[in-house]
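Trainee: Would you mind keeping the following structure in view while I ask a few things?
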Amino acid sequence: MKGVRHLLVRKSIPNGLVFVGELPYGSEGSFSPKMDHLVCFLPGTLALGATKGITKKKAMTDSVINFEDLKNLKLAEDLAKTCFEMYSVTSTGLAPEIAYFHTEEFSEGGLDGGNKSSEYVNDIIIKPADRHNLLRPETVESLFVLYRITRIQNIVNGVGRFLKHLRNIQELILVDTVLWMM
């Protein structure tokens, strides 16, 4: 993870969302502030690896967690926040499959998510071809794992809002389907 943190992890501007970008032409090439939704599996994986699958409290008590593990757990929490905010910046409440992030070095053309009430709407750029959502489980899985490991209450609140958005979308799809069948 040291290499990933050194080469791929950056913060957006203006609000500092942590994300994992890409080096499409290798480590000698230029950095791209593009993050696919699939990266949202990483927070859960990092949390499980950092704590060996037990709670953070127990890992600390049993001294099975070291400084590097704590850095990975912090990265997991930061990435999970970014993954959640990818949902909150959109007017539909569904994250794009691919997001770009404003950074000091990079300002990509595209749209914001449409939810002007989100404080992160200026950090995340969504290109028209990437705004679809395939209802992937990565974010909710990572939030579940992180809650089980850290017991951070904000995660539960975030999952509640996340599931409410999904329920609203499912209801819209169901209504459209029923109307189409009539």
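Keep in mind that glycine also has a Cβ here, set from the backbone N, Cα and C atoms.
The shown structure was predicted, so the numbers you read here are calculated from the model rather than taken from an experiment.
Feature annotation from TrEMBL assigns disulfide bond to Cys40-Cys83.
On this model, are these features tucked inside or out on the surface, and what's nearby?
Mentor: Cβ neighbour count for Cys40 (disulfide bond) (all protein chains, 10 Å cutoff from its Cβ): 26.
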Trainee: Determine, from DSSP, whether Cys40 (disulfide bond) sits in helix, strand or coil.
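Mentor: DSSP call for Cys40 (disulfide bond): helix.
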Trainee: Taking the Cβ of Cys83 (disulfide bond) as reference, which residues of that chain separated by at least 6 in sequence fall under 8 Å from it?
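Mentor: Once residues fewer than 6 apart are set aside, Cys83 (disulfide bond) is near His37, Val39, Cys40, Pro43, Ala95, Glu138, Thr139, Ser142, Leu143.
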